[in-house]
Each structure stands twice: as C-alpha cells, then as structure tokens.
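Data block below; observations after.
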C-alpha cells in the first residue's frame, strides 16, 4: 500500500490528518504522483469529514513550495481577493478596490484568474483596462515598481495546478482548493482583504493567516446578502487579523452614512455590462450602490494599511476617493 493509499484509509475513519500527513499528500498531488481517481478520493474525503486549519495550512505550504514566487519585494503590499463562488454574478468590487489603492500610492499585488462562477473575473477587467497579465516573476516586480500595481495571473505562477485542474473540473464541487486560492499569492502580501461567501470557513482561514510569517494585518469579510465582499445590503461580518491576533466584529454600512440596497443592485447581467460598470465606478460615476460597495471594502483596506488610523477615517478617505475617481495615468486603456 503506497503513501496516498494509507492517507485515504485514514480519511475513511473520519479522522483529521496531521500537518505532516496533509503536507505529504498535497506534495504528491501537486507533483502528479497520484492518479486522478486517488486525487478525487482524497479531495472528497477531506470535504466529507470537514477540512481543518492544519490541513489547509499544509496544503498552502505545499502549493507555495511549487509556485513561482516574486523575488526582491519590500515594503507594504496588499492583495484584495475572495474565494469566489457566491453565485451572485456581482460587480467585481475587489478589482476596483485594487485600482483605487494603487492610485492612492499603495503597492497592490493582485492575484486572480478569469471568471469561473461570475460573469467577469479580475483578469477580464485588468485586460480590458489595458494592463498586462505578466508571465515572469521579474516582470511582475518591475510592473509593481512602475505602477504600484501588478496583476498576477494565477495559472502563470502555479504551474503545478495543472496536475489537479482536470480532477477539480470533473468533480464540479467545492474542494479545499477553493479555500486555498486567496492564500497563494506568489508576492506574499504583507496585508490582505479576503472575501468568503460562506462565513463558516472564515475562522479556519483566519488561523492560517494569523500564523503566516510576514503578514502584518488582514481582514476576512462576508457581506450581507451572501457576498464574498462587504456590501451596502446590511451589516457584514469581519475577522481582523492584526500581528497574529484574531478579532471578530460586525460592520454596519449605516454607521458610515451609506444607504442600504438590495442584492440585485450589485449584480451584472453580462461581461460587457460588468466592464462598463467598472469603468464608470473607476471614474467616479456609476450606480450609488456600487460606489458604496467599493467604499466599504476600500475603507477596510486603507484601515489595514494605515497603522493607528481609525476605521471611520479610513471610510471617509475611501468615500472621497471613490467620488473623485482615478487620477490620470493609472487606468490607461
């Protein structure tokens, strides 16, 4: 019986894997040393019993050891992303937030992909605005220095995922890889705002982030209406991770003077509409519901990046920036 068979046997008992067991299993998966049947059985075994923070952390460690990391980065750098999969076909808020942050002088290392469950993915937006999907780590470092922004197209930096892509596609259900995505930025951000459509996974992700070397501050957010971003639909849930300390709270848009909207007001019916709305919001226009959505998430991001800045002031800065729109030279399409 080989190693993966022993691990599969262990999973049939419903027992959790130790960190070394999980690391060994994911090393095998990501180097193509298990069959598709074994890979599928392993992923579903984890899901059936419920993934743990130790297993998720080991999976992330294995994936990053195979990734093409970005060398020579220093200073604060933030990623804005989510696990996706909320099924809302919503406006691509995290990408808009990343452009506003870069325009304000913050370094943004945006890690993302094309649309999977949404109408328009972050890569689609970035391409539409004229930004390159860089393919080389050194190119990524130069792009960040030039623009305060770089888009790290996940397939270019995680070639090992080719070994599990077909299995994930054929399974057609959520696996631990959906939770791993936002944790695999090859630029190793010092700050992060990460969205989840199902808040029950947030504490587990928070444990992984809290233990991460080099991470200073992060927020895991879940918006009212079932979104993987904060929304003006009502109070949202947030877990802050600040220098390893985890703190859970609720953010109510009304506390910041933002109006309530219905979830439908945040949806996009097509890729074309999503791109059109993105351009409107980035130029200080567009529906107020979308502007408020961006304000909420931008405010949290600014709060994370600015030590000792009250959240209320961060929200005021965010609202002013969204109303102003991007300055010339950042959105250059």
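Backbone N, Cα and C define each Cβ position, glycine as well.
Per TrEMBL, the feature 5-phospho-alpha-D-ribose 1-diphosphate binding site maps to 82, 85-86, 90, 92-95, 110-118, 122. Packing around residue 90 (5-phospho-alpha-D-ribose 1-diphosphate binding site) is summarised by its Cβ count: 26 other Cβ atoms lie within 10 angstroms of its Cβ, all protein chains included.
The anthranilate 1 binding site annotation in TrEMBL covers 82, 113. According to DSSP, residue 82 (5-phospho-alpha-D-ribose 1-diphosphate binding site) is assigned to a strand segment. Cβ neighbour count for residue 82 (5-phospho-alpha-D-ribose 1-diphosphate binding site): 25 (other Cβ atoms within 10 Å of its Cβ, all protein chains included).
Under the heading Mg(2+) 1 binding site, TrEMBL lists 94, 229. In this view, residue 94 (5-phospho-alpha-D-ribose 1-diphosphate binding site) is surrounded by 27 other Cβ atoms within 10 Å of its Cβ, with every protein chain counted.
Within the same chain, residues at least six positions away from residue 168 (anthranilate 2 binding site) with a Cβ under 8 Å of its Cβ are 43, 175, 177. Under DSSP, residue 168 (anthranilate 2 binding site) is assigned to a helix (H, G or I) in the three-state scheme. Annotated anthranilate 2 binding site per TrEMBL: 168, in sequence order.
As annotated by TrEMBL, Mg(2+) 2 binding site applies to 228, 229. Annotation note: residue 228 (Mg(2+) 2 binding site) sits in a coil segment as assigned by DSSP.
The domain 'Glycosyl transferase family 3 N-terminal' annotation in TrEMBL covers 6-66. Remark: secondary structure over the domain 'Glycosyl transferase family 3 N-terminal' (6-66) totals 46 helix, 0 strand, 15 coil, with classes taken from DSSP.
If you look up TrEMBL, you'll see 76-325 marked as domain 'Glycosyl transferase family 3'.
In the structure shown, the C-beta of 111 has more C-beta neighbours within 10 angstroms than that of any other entry among the binding-site residues 111, 114.
Between the alpha carbons (Cα) of residue 114 (5-phospho-alpha-D-ribose 1-diphosphate binding site) and residue 229 (Mg(2+) 1 binding site) lies a span of roughly 18 Å. Put simply, of the binding-site residues 90, 94, 113, the one whose Cα is nearest the Cα of residue 229 (Mg(2+) 1 binding site) is 94.
Counting every protein chain shown, the Cβ of residue 229 (Mg(2+) 1 binding site) has 30 other Cβ atoms within 10 Å.
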